[in-house]
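Asker: From TrEMBL, for reference:
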BINDING   B:Ser114, B:Gly115, B:Ser116, B:Leu117, B:Glu135, B:Asp163, B:Asp181  S-adenosyl-L-methionine binding site
REGION    B:255-275  region 'Disordered'
COMPBIAS  B:257-275  compositional bias 'Polar residues'
Amino acid sequence: RKIIFEKQWFYLDNAIGHIYGTTFEVTSGGNLQPKQEVEETTTETKEAGTDNRNIVDDGKSQKLTHDDIKALKDKGIKGQEIVQQLIENSTTFRDKTEFAQDKYIKKKKKKYEAVITIVKPSTRILSTMYYAREPGKINHMRYDTLAQMLTLGNIHAGNKMIVMETCAGLVLGAVMERMGGYGSIIQMYPGGGPVRAATSCFGFPKHFFDNLHEFPLSKVQSLLSGTFSTETLPADPEESALVEEESNGLSEEKQTSLQETEEEPATEAPMEINPTEEQDTMDINAEDGEFKENKEKETKENVREKQIKQWERRKKLKEAAALLREKNADGLIVASKFHPTPLLLSLLEFVAPSRPFVVYCQYKEPLIECYTKLRERGGVINLKLSETWLRNYQVLPDRSHPKLTMSGGGGYLLSGITVVLEKGRSDSSTSEALKVEEPASKRCKLQDLPC
Amino acid sequence: MNFVEYGDTIKDGDTAIVFLGHESMFPVKVQHGTVTQTKYGVIRHSTDLIGKKYGSKVTCSKGGWVFILHPTPELWTMNLPHRTQILYSTDISIITMMLELKPGSIVCESGTGSGSLSHALIRTVAPTGHLYTVEFHQQRAEKAREEFREHGVEHLVTVTNQDVCKNGFGVSNIADAVFLDIPSPWEAIGHAKSALKAEGGRICSFSPCIEQVQRTCLAMEEYGFTEINTLEILLRVYNVRTVSLQIPDLGEAAEDNSGTGFDSSNPSHQGSPCANLQEGTVQFKSGVPLREVVGHTGYLTFATKS
């Protein structure tokens, strides 16, 4: 099958049988060829200038013309050789400092030597990729923010987690990776079904999905009030669920944005739709193709099979409802495009005491409100509103410095720990409860701890 | 309880966290007949703790109360007895993700130090993974062993007392990831490479100084590590405060304008308690940065062996 990546067509067939981390070169026919470690052909007799006082930018230092370069490319000449030619035909190259020469070569290599490394999917790779390529789909959650969530949420094997996300299933996948198939996850979903486009990129073994449950968000209130029954499923769950689950492309995006137009401010819309236009990422496209095939088969299936599926779905829903009713979840992770406050106030009901919860939001203000409301509600301690800054560095001999600061765009987190909610306290005046807590914390600072 | 599995009730021998108030807590070892003094009075373990649910409010002798929390690596990090400088959860998070750790991973670590990172690593690789941690300081190694035993995770960790730069990790070709927090990590890169699996793995080195990073990167390159990447992560914590600003008296009644102006810029729609025009002041909620924050912990250098 043909796959496009960074303006290059290629076939993956030749990559099979190689270990992860193998680097390939793309040849003209779109085939991949494993690339061996090339010894850096040490540029013969390193000749270099010391500064740029005599280098004039006259636009004529490169003697090869655009047409020349195109001709070289069309002939199918190796990128490495084109770079060498460019260097030889640059009149200023020898006058440049050693560092500048290095930089020049690197730039040209990037452009003419197409190499591809195939790596194993992981939260690290996928969250970095999504943040770089489709930030709109994951609510601009930077990978270091996701890392914080997994740690603050004490995600580990054996947990019973509740996850509410609209991040294409990336957060769900990250939680699944950390739980390694041990324990259970209940994914709360809005609309007709959970979106797991990113989850499928992880390539989890089948048994990881055995204890993955889903529960519709629209049924939370009825479950809490005890009027929940599986007979009143969301309208035509089968159909809409499949569509949403399996088309991670435009259709899904349109669907959700249509659903949400009433609640979402208009400014959100372009941000949501933009990333879908740059849908040429390798992984996603590959998945798309597979899904379409499946979908075609799906539509051909007869009604009886559909009924069986519906029955199975209902059974799974009952299981999820039963798990939630126990109200003993080991944690709650929220990362969605919705306002976090109502989600948290309801979903925390299902969490056992002394368990961590983490809420992600792209913006700080909703979390400030959420903080206030949680303090009023009680039953939580150690509330913390935070953000991380991430800075990448270039480390080279005599050329070390920060690369770029990423800030603000990574989103905010509100985290805390649940405690036993005292009966009567939530009914009585909440301001009183707050007063009790405030002075306590102040006294703590003054006195030394006995231990 | 233990550090890798949640339990409902507090049992004899557990390590529990006593939460007194904002940012103020300490760990206790729960034992029959023991008492713990707090500024709110005495906690009697036999009656006040054992058999109670984690997350309960416990009333002390003087009428004050505390919460008893289930231990987690993150709470332990905030409360552990320091024997060395420790890594905090912000750095630990990114280390765990960038090293691609998950249940079943085999990890090598040096030095063990106070065991802050060790607990987080064990939590993540449990129940099928293992941590091999090397500490050249004999007393610290002993103490770490004791703690792992107390915390019910000794089956997941091996503590070795030797110099990682000279003798390595004591294992070869079994690790998925290696973490180094030592003064001269470049001297251990070779050992790290041989500890990692033949098919590859990830490495991370933590250093406070850029000169250390420089030498480490060179060593990594020399040993054929790829994808070398150095980064730094900083935590910003915000206090939620209600702030009120006075409206300047310009000699005219401009109340309505300023009031609605603040209201519309505020995205929270429910109740909107933030903008309140009262006696010439505007109130709003804000996330205020702390006055003093950690500006630098260390550089984290990651690389891949493939």
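Positions of Cβ are set from backbone N, Cα and C atoms, glycine also.
TrEMBL entries are annotated by machine, without manual review.
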Asker: Which one is it: of the binding-site residues B:Glu135, B:Asp163, B:Asp181, which Cβ has the fewest other Cβ atoms within 10 Å in this structure?
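Answerer: If we count Cβ atoms within 10 Å for the binding-site residues B:Glu135, B:Asp163, B:Asp181, the smallest count is at B:Asp163.
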Asker: Quick one: give me the count of other CB atoms within 10 A of the CB of B:Gly115 (S-adenosyl-L-methionine binding site).
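Answerer: Excluding its own Cβ, the number within 10 Å is 30.
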Asker: Would you mind pulling the DSSP three-state label for B:Ser114 (S-adenosyl-L-methionine binding site)?
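Answerer: The residue in question, B:Ser114 (S-adenosyl-L-methionine binding site), is coil (DSSP, three-state).
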Asker: Quick one: among the binding-site residues B:Ser114, B:Ser116, which has the most Cβ atoms sitting within 10 Å of its own Cβ?
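Answerer: The largest 10 Å Cβ neighbour count belongs to B:Ser116.
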Asker: With every protein chain in view, how many other Cβ atoms are within 10 Å of the Cβ of B:Leu117 (S-adenosyl-L-methionine binding site)?
Answerer: 28
